[in-house]
Amino acid sequence: MVDYIQRPKSRFLRVKCNDCENEQIIFGSASRKITCVVCGRTLAEPTGGKSTITTHILEVLE
């Protein structure tokens, strides 16, 4: 059977900070700069659409 329900293109991401190894959940289409809550390193920057992720993505959450 065909699935006719549209799914959103934006996703939540589980990422790991490269400096302090902290795991954090962020929004993939964030409109503001996202920083690590522990060390303050930039994890993602907005680009007008999807964010530019500057760290390691562990998992894409549904």
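Cβ coordinates are placed from backbone N, Cα and C, and glycine is handled just like the others.
What Swiss-Prot says about this one:
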BINDING   Cys17, Cys20, Cys36, Cys39  Zn(2+) binding site
ZN_FING   17-39  zinc finger
Shell of the Zn(2+) site beyond Cys17, Cys20, Cys36, Cys39, same chain only (C-beta within 8 angstroms of their C-beta centre): Asn18, Asp19, Glu21, Asn22, Val37, Val38, Gly40, Arg41
Tertiary neighbours of Cys17 (Zn(2+) binding site) (same chain, Cβ under 8 Å, six or more apart): Glu23, Gln24, Cys36, Val38, Cys39, Arg41, Leu43, Thr55
Mean per-residue pLDDT computed across the zinc finger (17-39): 94
Residue among the binding-site residues Cys20, Cys36, Cys39 whose Cβ has the most other Cβ atoms within 10 Å: Cys36
Residue counts (helix, strand, coil, in that order) that DSSP gives for the zinc finger (17-39): 0 helix, 7 strand, 16 coil
